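For reference, TrEMBL has these:
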TRANSMEM  17-34  transmembrane segment
TRANSMEM  222-241  transmembrane segment
TRANSMEM  248-268  transmembrane segment
DOMAIN    251-378  domain 'SSD'
TRANSMEM  274-295  transmembrane segment
TRANSMEM  328-351  transmembrane segment
TRANSMEM  357-378  transmembrane segment
TRANSMEM  418-438  transmembrane segment
COMPBIAS  532-556  compositional bias 'Low complexity'
REGION    532-563  region 'Disordered'
TRANSMEM  742-760  transmembrane segment
DOMAIN    766-892  domain 'SSD'
TRANSMEM  767-789  transmembrane segment
TRANSMEM  795-818  transmembrane segment
TRANSMEM  830-857  transmembrane segment
TRANSMEM  869-893  transmembrane segment
Amino acid sequence: MSLKDALVKKLYKHPRVILGIILGITLFFALQLPRMRFDNNNFRFIPESDPARIADAEMAKIFGDSVPLLIGIQRKYSTVVDREFLQKMQELDKQLLALPLVKNIVSLTTTTHIEAVGDSIVSEKLVPEHLTGSSEELNAITQKLRSLDIYNRSLVSDDLKATQTIIFLNVKQEESGLPETVAVCREVMRLAAEWDCPDSVTYVTGAPVFSEIVNEATGHDLMLLVPIVVVVVAGVLFFSFRRFTGVFLPLLTVIISCVWALGAMALLQIPLTILSTVLPVILIAVGSAYGIHVINHYFDEVTQSKEISAETHSAQIIEAMSRVIPPVFLAALTTFAGFVSFCFTSVVPIFEFGIFSSFGVLSAFVVAVTLIPAILMLRGPHNPTIKGKFGAQPSHTGIIDRIIADTLMIVHAHKRSVLLVSLACIIFAGLGISKLVIDNVLMEYFEPDVQVVRSDTFIRENFGGSKLLNLIITGEKQGDVIRPDVLQAIDSLAEYAEENIPEVGKITSLADVIKRFNQVYNADAPAAGLAVADTASQPPSGGQSGDGSISVGSGTDSEEDTFGDFGDFGDFGSFDDAEQPAADNTGHAAAETQKERVYTFSEIIEKLADAQTARRGRYVSATELVDALKKDINYKGASYYEIPTNPQKYGKETQEELAALIQNYLILMGGSIQDFIDDTNAPTTLKVNIQLRTVGQQDSEKALQAIMAFVKDNFPKDITVEPNGSMFIEQSLNTLVVQSQLISVAVSFGIVFLILAFYYRSIVAGIIGLIPLMISVALNFGFMGMVGIKLNIGTAMVASFAIGIGIDYTIHYLAAYHHECIKRRNDRNFLIYTFYGSGKAILFNAVSVGAGFAVLMLSKFNMLSELGLLIALVMGTSSFASLTVLPTILSIVKPRFITKPLPGDNAESVSEDNLE
C-alpha cells in the first residue's frame with residue numbers, strides 16, 4: 001500500500017467524525033448569515049490610499065462634506081409657480097427636515113431671495129411662508145425666478161415646469177452605504193412616492209439612492225438566480241446519473257460551500273456588493289464538478305460487484321477516492337488560481353470577491369472529498385444500476401461519443417485550416433479589442449426604464465446634471481484668489497463652458513455670489529459708474545455709507561437669511577436678520593432720472609446691434625435685448641451684475657482697491673459661502689462647482705479637457721487650478737479596473753503555466769497549454785469590442801474566469817492525449833481514442849458550466865447579464881480550442897513531454913513519429 005493510499009484510508013476511518021465536523025462548521029457559518037448586509041457605495045470600490053480618495057478627503061476638510069439626495073418634480077400641464085403645488089412643497093420640506101441625518105434642504109420654498117428695496121438690501125423667502133396664492137404674489141415669484149440665472153437649472157428648469165429639492169445628509173461620502181444612511185434614504189424615497197399633488201411626477205436620485213436600488217436588486221438576484229442555477233445543475237446531474245444520490249450529494253456539497261463562503265463574509269463584516277451576487281451561482285456551477293467526479297468514480301467501483309458487504313463497500317469507496325482525489329485537486333487548484341488572481345487588485349469588491357470565491361472553491365473541494373464518502377459509508381452498499389452517461393462500461397462507446405470523435409478527427413485532418421481559422425480569430429479579436437470601450441457607467445447597470453435611471457435622466461435633461469466636477473483654485477499668497485482678474489476668469493469660464501461645452505450643465509462659484517451682491521448693492525447707482533468725486537467720503541473698506549456700513553434689510557417672512565443655499569451646487573450667501581439703517585446713496589440720484597428716459601426706435605436698433613456684436617454675430621433673443629436695455633439704465637442694478645474689474649466705474653483707482661471692496665463683500669456675507677471659499681477673512685482657496693450632464697467617463701473626460709484648456713489660456717499664470725470631484729472617483733475606478741484586469745490575467749496565466757510545467761516536468765507543456773486559453777481570452781475581448789459590451793467592474797472578471805475554469809479542458813485533453821499515447825505506444829490511431837475518452841466529457845462539462853453561468857443573464861444588472869453571456873461563450877471557445885487547436889499544435893510541434901511517462905505510469909517512452 002502506497003503512502004497516498006494509507007493516508008486516504010486513515011482519512012475515512014471515522015466517517016461519523018467527518019460528518020459531525022462538516023455539520024458543525026456549516027451550522028457555525030449558517031448562524032452568521034443573518035448578519036449579512038449590502039453596501040454598493042461607489043466609494044467602497046476605491047481604496048482609501050487612491051489619489052482620488054485622498055484629494056476628495058482633503059477637499060472635504062476645507063469645504064466640508066455632505067451627501068446630497070435629489071428629488072425632482074415634473075409638471076406636464078402647469079408650472080411650479082402654483083399655489084397648491086407650492087403649499088404641498090412646503091409640507092414636504094417640513095417632513096424632510098424632520099428626518100434624522102438631514103443637514104439642510106435647498107428647494108423652491110426654502111430658498112431666500114436678496115434684492116434692493118428702496119435704500120435697503122432685503123433678504124426674504126423666495127416663496128412666502130404664508131402663501132395666499134394671489135396672482136400678484138405668484139407673478140412676483142416668477143419674476144424673481146426669471147431675474148437670476150442662479151436659479152435656472154439648479155432650482156427650476158428652463159420652462160418652470162420642473163423643480164428639484166436637494167437634501168443634504170450629514171454624512172461622509174464613504175458612509176453612504178451604512179444602514180443609518182440607507183434608512184434615511186428609504187424614508188426620503190417613501191415620502192417622495194407618497195407625495196400627492198395633481199399634475200406632478202416625482203423622481204429621486206443621488207448616490208445613496210443608487211446604492212439602495214442596487215442593494216435591492218442584489219437581494220432580488222440572490223433570491224432568483226440561486227434557485228434557478230440549482231435547478232439547472234440538478235437537471236444536468238439527473239441526466240448524468242438518473243439517481244437521487246447522484247443529484248443530492250453533489251448539490252449538498254456546493255450548497256454547504258456557499259454557506260461557508262457567505263458565512264465567512266458575514267463573520268468578517270464584509271458587506272455584499274453587486275459582485276457578491278455571482279458568488280453562489282459560480283460556486284454551484286463550478287463546484288458541482290467536484291462532486292460529480294467523486295460520485296462518478298464511486299458508481300464505477302460499485303457497479304463492478306452485484307452483492308457486497310459493508311466492509312467491501314467501504315474499501316471500494318476508499319479505492320475510488322484514492323484515484324479521484326489527485327485529478328479533482330488539480331481541477332480545484334487551477335480554478336483556485338483563476339479566482340485568487342482577483343486578489344491582486346486595488347478594487348475593493350473585486351479583491352473581496354477573489355478572497356471568498358477562492359475560499360468557496362477550496363470549501364467545495366474539501367466537502368466533496370470528505371462529506372460525500374462519509375455519507376456513502378454510513379449509508380452502506382446500495383448496488384446501483386446506472387443508465388446515465390457516466391454509467392457506461394469502459395469498453396462501451398455510445399453514438400454521441402462516436403459522432404464527436406469522428407467529427408474531431410475530420411477537423412484534425414485539416415491542420416492548415418485549423419491554423420488559418422485560428423489566425424482569423426486572432427485578427428478578429430485584434431479588431432474588436434481596438435474598439436473596446438473601458439467605462440464603468442453606473443446608470444448602465446440597469447435598463448433605461450428602471451426608476452433610478454429615469455430619475456437620473458430627468459435631472460440631466462432638466463437641470464445641471466448629476467455628476468460633479470470641482471476646480472480647486474489656489475494662489476501664491478493670501479487674497480490672490482479673490483482678485484478681480486481671478487474672479488473674472490472664473491466667470492468667463494462659466495459663460496464659455498455653458499455655451500460651448502455641451503456636457504456642462506451648470507457652473508456655480510463665488511463669482512456668482514459677488515456679481516449678485518454687487519448688483520443688489522448698486523441697484524441705485526448710475527449705469528455709467530460712480531465718479532471718484534462722489535465716493536471721496538467713502539471708507540477705505542469699500543462701503544458706500546458714511547459710517548462704512550452696508551445697509552441690509554430683512555423681509556418679514558425670512559427665518560434663515562440664506563441666498564440660494566445650493567450646497568454642492570452653490571451656497572449663495574447670508575445676511576444678518578437685524579434691520580440695518582438705510583444706506584446713504586449720495587451720488588445715485590442721477591440714476592433715477594436715467595430710469596425715466598424714453599428710447600427712440602434708433603436707440604433700440606443700436607442696442608440690438610450692440611447685443612448682437614457681443615454675441616459675435618449669433619442670434620440674439622428678445623430676452624437678451626431686454627437684458628441689454630436693463631443694463632443701459634441699470635434697472636435693478638443690471639449694469640452691476642458683474643465682477644468689479646474697472647476701478648473707474650466704482651470710484652477706485654487700482655485693482656487692489658477693488659480687491660478690498662470684494663473682501664468687504666465676503667465679510668458681510670459671512671460663513672454661508674463656505675462651500676466656495678476656505679476663509680472669508682484670509683482666503684487662500686476657492687472651489688468652483690461644475691455640474692456635468694454626462695453619463696459615461698469618456699464624455700466627462702472630453703468636458704474636462706475643454707475646461708482645462710480654457711483655464712490654461714485664460715487664467716492668471718500665478719493661479720493654480722486643480723480638478724477634483726466625484727467624476728475622478730469614477731475615473732480612478734476605470735483605471736483600477738484596467739490595472740486589475742491586466743494583473744489578474746497575468747497572474748492567472750502565470751499560475752496555470754507553473755502548474756502545467758510542474759505536472760509534466762516541461763516548460764513547453766506550460767506554453768502549449770496556454771495557447772487555447774489565450775485564443776479564448778482574446779476572442780472574449782474582441783467580441784466585447786465588436787458588439788459594444790464595455791469593460792467594467794463586472795465584465796473585467798471574465799478573463800480570469802476563462803483561465804481558471806477553461807484550463808480544466810486543456811488539462812483534461814492533455815491528460816487523455818498523454819495517457820493514450822503512452823498506453824497505445826506505437827499505435828498511430830491513438831488520437832481517435834483520445835477523442836473518445838475526452839471529447840464528450842469536455843463538451844458536456846463546458847455545456848454544464850456554461851449553462852450554470854448563463855443563469856446570470858436573468859440578473860437585473862446589465863453588467864451581470866453580460867458577464868453570464870461572456871462566460872457561457874468563453875466556455876464554448878475554450879473547450880473547442882482545446883479539442884481543435886491543441887491537437888493540431890501537439891501533432892506539429894511533437895513535444896517530448898507527451899511521449900515521456902510520468903511517475904507512476906509504468907510505461908516506456910513512445911516514438912515522436914507516432915504523434916500525427
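From the backbone N, Cα and C atoms, a Cβ is placed for every residue, glycine too.
Long-range contacts of the transmembrane segment (418-438) within its own chain (CB-CB distance under 8 A, at least 6 residues past either end) are made by residues 411-412, 698, 734, 737-738, 775, 778-779, 781-786, 788, 790-792, 881, 884-885, 888.
In this chain, the transmembrane segment (17-34) does not touch the transmembrane segment (869-893); fewer than three CB pairs sit within less than 8 A of each other, excluding pairs fewer than 6 residues apart. At the 8 Å Cβ threshold, with sequence separation of at least 6, the transmembrane segment (248-268) comes into contact with the transmembrane segment (17-34) through 3 or more pairs. With pairs at least 6 apart in sequence, the transmembrane segment (274-295) and the transmembrane segment (830-857) have 3 or more Cβ pairs within the 8 Å limit; the two touch.
The DSSP breakdown of the domain 'SSD' (251-378), given as helix, strand and coil counts, is 110 helix, 1 strand, 17 coil. Comparing 222-241, 274-295, 328-351, 357-378, 795-818 for CB pairs under 8 angstroms to the transmembrane segment (742-760), the maximum falls on 328-351.
Looking at which of 17-34, 274-295, 328-351 has the most CB pairs under 8 Å to the transmembrane segment (795-818), the answer is the stretch 328-351. Among residues of the same chain six or more beyond the transmembrane segment (17-34), those with a C-beta under 8 A of the stretch's C-beta atoms are 256, 259-260, 262-264, 266-267, 367, 370-371, 374-375, 378. The average pLDDT computed for the domain 'SSD' (251-378) is 85. Non-local neighbours of the transmembrane segment (357-378) in the same chain are 11-12, 15-16, 18-19, 22, 245, 249-250, 252-254, 256-258, 260-261, 264, 279, 282-283, 286-287, 290-291, 293-295, 298, 313-314, 317-318, 321, 324-325, 328-329, 332, 335-336, 339-340, 342-343; each lies 6+ residues outside the stretch with a CB under 8 Å from one of its CB atoms.
When the domain 'SSD' (766-892) is classified with DSSP, helix, strand and coil residues number 112 helix, 1 strand, 14 coil.
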